Each structure stands twice: as C-alpha cells, then as structure tokens.
Amino acid sequence: MDFTLFFPLLLNGLIVGALYGVVAMSFVLIYKASQVVNFAQGEFLLVGAWVCWWLLTTYPIPFWAGFLVTMCFMTLFGIILQVVVLRPLIGEPVISVIMATVGMSIFFQALMKWMFGVFAKPFPPIFATERVQVLGLQVQPVYLLSLVVSLFIMLGFWWFFTYSKHGLAMRATAFDQQVAQSLGVSVPRVFAMSWAISAVVSSVAGVVVGVVNGVSSALSFYGIKVFPAVILGGLDSIIGAVLGGLIVGVLENLAQWVDSEFLNWGNMTQIAPFYALVLILLIKPYGLFGTKNIERV
Amino acid sequence: MSAAQPEVPPLLEVNNIEVVYSDVILVLRGLSLKVPKGEIVALLGANGAGKSTTLKAISGLLKTEDGEVTRGDVTFAGERINGIDPHLIVRRGIFQVMEGRRIVSDMTALENLRLGAFTRRDREVGDDIERVYGYFPRLKERTGLAGYLSGGEQQMLAIGRALMARPKLILMDEPSMGLSPLLVQEVFGIIRKINQDLGVTILLVEQNARMALSVASYGYVMEQGKVVLDGTAAELADNEDVKEFYLGGHGAERKSFRNLKSFKRRKRWL
Ligand SMILES: Nc1ncnc2c1ncn2[C@@H]1O[C@H](COP(=O)(O)OP(=O)(O)OP(=O)(O)O)[C@@H](O)[C@H]1O
Ligand SMILES: [Mg+2]
C-alpha cells in the first residue's frame, strides 16, 4: 500500500471540505431563515469571483480593496435578489420558489459566460507561490489561507448566531415567524439579511477558489456539492452543514486514493459522496444533525 | 361604558372594532374597551369569545393570521395604530405575551431574554436581565434550552422576555394556562408586583376570572365578539352572572362548560 498520496489527499479533502462547509452553511442559512431551497447557491461563488476578478484586472487597486468592493456588491446582490425575485413569491407553492432559484442559477451562469467567456481565467498573482512545509507535507500558501478563511467564517457564523441580536432574531424567525414578529423583528428584513449574508459568504469562498484554481463556470459545481453536504448534516443544522461539507471533501479525496490504489475504476471522486449520502440517510433519515419535525402540541 | 378615570385619556382605547379572518370569518363585532395608564385591566370571556383576537388586533399580530380590523380604531397614546405592522407596534411600546407562552424552545432562557430586548439600542440590557432575574430567580439557574423548562418557568420566561422590551403596555394572554394553583398564585403575585414597581400598564386576558379580578382594577366580560359587561373588579366579582359563569359557583362550572362547548361548535360551523 502506498501512503505517499494518502496524507496530501486527506489534507486536500479537509481544505476543500471546509470550503464546501462554508457554502453549505450559507445555503442552510437561507433555508432556515426563509425556507427557500436555493439552487443558485453556486452562482453566488461564480458571480462573486468574477466581480472580484474583473475589478482586479480592470482597475489598478490592491487585492483587499477589490475584495471589499466585491463584498459590498454581493451584499446588495443578495438583498436585491431576495426583494425582487423571492419576496413576491412568499406564500406561493414550494415548487414555484424552487423553479425561481433554478431559473436564477441558469440565468447567472449564462450571463457570466456571456460577459467573461467560457475559459478559466487566473487571478493576478496575489500571494507567494513557494510551497511551505506543514507536518512534512508540501502545501501552497493559498491552500492554507483558504483553510484559515473558512475557519474564520465559521467562527464568524458562530459568533453572529450566539451573540449578535440580529443573529438571535434570525434564529427566532427560523423557529417561528409569528413569535419573531411579536418580539419586534421585521421578518422581511430577516429574509433580506439572510440572503445578503449568504451571498457574501459564498462569494468569499468563490474568490478563494478563484485565486487557487482560476475563475470559471466550474465554480457553480460548489452549489451542487452543497446538496450531499447539507443533506448529510441535516437541512436545518449549521454545524451539520460544516461537518457535511468536511465529510464530502474528505470522502471525495479518499475515494480518489482508494481508486488509484486498489480499484482503478477511475473517477470515483464524483460519486463517492453520494454513496455515503445514501448510506447515511438509510440510518439517519433526517441527516446527522437534522431535526425531525416534532409535532408541537 | 366608563373607564376608571374618565378625566385623563386612556393609554389604550379600542373603539368599536370589527375583526374578520380570511375575509369571511367575522369574530369581533363592535368591541370597545379602554385601558388607563398604569392599571391592570382584565378581559374575561369563554373559549372562543374572541379574547386572543382582541389582543392580536391591538398588537397587529392579526396580520400574521390573515386577520384584519375592518372597522373601528385602536388608539394607543393618542395615535391610531390599526393596520401598522406588528414589529413597529412593539417599537411603540406594546408587547404581547401570546397564549401558550411561545418562548423560543431551541434557545436558552438567557437568549430568550436578550431577544426580548431586540428593539432596544441602549446599553442597559444587562441591567434589565438582572432585574428580570430578580423577579424570577429560578430562571438564572436554568442554563439549558428553554424548551426543557417547566410550564411555570416558561411562563415566567415569557413575562421576563416582555419586560426586556421595556414596554408601556403588556398584553397578557392567559398566563395561568396549564399551571398548578400554587404557580398561578406566584405568577399573579409577580404580575401585580411588576405593575406596581415599574408602572407597566397591563391588559390581562384570563379564563381564571377570580385570579384576574384579584389583581385588576377594572374588567370587561366579552361574549361572541362583543363586550357584554364591564365594571370595576369589585363590581364584577359581585355580579351574579359573573359569579355563575366565571367564578364557578355551585355546579356552575359544569353548566358553563357545557354551554361553552356548544357555543364553540356553533362558531366552527359558521
Ligand atoms: N386565524 C384564525 N382564522 C379563523 N378563525 C379564527 C382564527 N383565530 C381564531 N379564530 C376564531 O375566532 C374565534 C375567537 O378566537 P379567539 O382565539 O380570539 O378566542 P379566545 O377568546 O381567545 O378563546 P380561548 O379562550 O379558547 O383562547 C374562534 O371562534 C376561533 O375559531
Ligand atoms: Mg385565546
């Protein structure tokens, strides 16, 4: 057995998995706050990364400035989508809302291709590219940075939902909208805020991936990877989303290792998470952390 | 109809309101009441009389249930407030403690209290949490999820959460519901104390008429969406009809219970 590939792949799995976790978290945020299954989550990464790329390649501004402007743009982007597309659909059947997000996904993918072309474009070089030694492994600094950014975002989420009053208001809205209103919370504002935060956080992941791999429509796939992650973790659990993301990332990479060592079937990477998903759902139908809908009396 | 102190305008005045759910179900048919500043006013009535609907009409929560005030006015501190969104009514100083306590069960007691202060911007929230703990010491010891609190503790938390908003008027919907007689005593003791200490005005909806009239200064009795009787708490407690139907005289409890049941059924088929 050859373990020389095992540990790099494991580390890679954790790094990618943390990014999946971040995207899954922002997906769950929208789902919890407003009960919308957002099929356009991947396009948040795509749009965010392209906007940042465009800013940095068009204007002579430092990376942090382009990044900040991108965040502001994504805040507005999330709010506008919620207000213009989703607010009118409140109270409509779930399927209509889903079709609207699917439509948004297709629209923004096409728009980005039309505006920026179909080929991957690299970010201007931002960080040193010499590899560093971590636990005996050669790692590119950007990968480490990506991990740090992911952890930072997760910490931010935890702080927001535990200590800030808007985080509490969001949890209250997810729990019971009437109760939230009776406490003085504006539910439409909470919906808009959840879309804004979700868009911003996903686009951070988009920029990070873009810096590592270049910007291309492949970023949208993160929106699809969210589904095994989120269903694994339980649709309504933010911690579950993080763990689900990590599991999917690690599984993908371990599947690749197992495949290259033993099976040689090729391309186990893409399907392994879904096998795991089916298995786990057989045992825990609501995901690892999801809540059964308990009838309240 | 006369309020306790007719010379000063009351804090809250509900004037001849009509409430309709889902555009067709008429529930309140010209209901009026007044709540003077600083007092506790009781609103009594059988199941389905429209007590909760009255409170929701005041707090605006009617909107969340597809209900609407189709006629009449709700005036608070001299301003007409019907039609205003519930979260803005909270900001004006009206806080409803809904029937069934409705605490956020997947949060801790402390988080529920902080949530009560959502509309505030000042820095005294921490002091107010301590004050609430002063009224309800056992909430301080409960650090787990609020869903695991006992019924009495949940009711205390619901009242504490209301206090955190520093409201001018609290609308309290059946605080005694599901509590043991001893706990009812305790909760009503605290309601009276809050009213005296903080000067909060309270509109109190109750099935437990005896308890409600013992803390209130004035009371209204409603039936089928209308006020049928009102008077000072002492007058109502002496009233023969009130005694028979709400204070449970000899065998009256069963009689009224049967009444209420058929009453409710009739309303359902309306
Ligand atoms: N959301 C709603 N939609 C339609 N009808 C409703 C709604 N809420 C209440 N009603 C009806 O309005 C009437 C009054 O209800 P309400 O809850 O105000 O009564 P209540 O006096 O609070 O009764 P209880 O003592 O049982 O709490 C009832 O007949 C009820 O069926
Ligand atoms: Mg009621």
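Each residue, glycine too, has its Cβ placed from N, Cα and C.
Feature annotations, reproduced from TrEMBL:
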type     : residues  : note
TRANSMEM : A:7-30    : transmembrane segment
TRANSMEM : A:36-56   : transmembrane segment
TRANSMEM : A:63-85   : transmembrane segment
TRANSMEM : A:97-120  : transmembrane segment
TRANSMEM : A:141-161 : transmembrane segment
TRANSMEM : A:192-215 : transmembrane segment
TRANSMEM : A:227-251 : transmembrane segment
TRANSMEM : A:271-289 : transmembrane segment
Would you kindly check A:36-56, A:97-120, A:141-161, A:192-215 and say which stretch has the most C-beta pairs under 8 angstroms to the transmembrane segment (A:7-30)?
A:192-215
Between the stretches A:36-56, A:141-161, A:192-215, A:227-251, which one has more Cβ pairs under 8 Å with the transmembrane segment (A:63-85) than any other?
A:192-215
Restricting to the same chain and to residues at least six past its boundaries, which positions have a Cβ under 8 Å from a Cβ of the transmembrane segment (A:141-161)?
12, 14-15, 18-19, 21-22, 25, 29, 127-132, 134, 167-168, 170-171, 197, 201, 204-205, 208-209, 211-212, 238, 242
Counting only pairs 6 or more apart in sequence, are there at least 3 Cβ pairs under 8 Å between the transmembrane segment (A:36-56) and the transmembrane segment (A:192-215)?
yes
Please give the sequence-distant neighbours of the transmembrane segment (A:192-215): residues at least 6 beyond its ends with Cβ less than 8 Å from one of its Cβ atoms.
19, 22-23, 25-27, 29-30, 32-34, 38, 41, 44-53, 67, 70-71, 74-79, 81-83, 86, 116, 120-123, 126-127, 140, 142-143, 145-146, 149-150, 153, 157, 160, 166, 170, 222
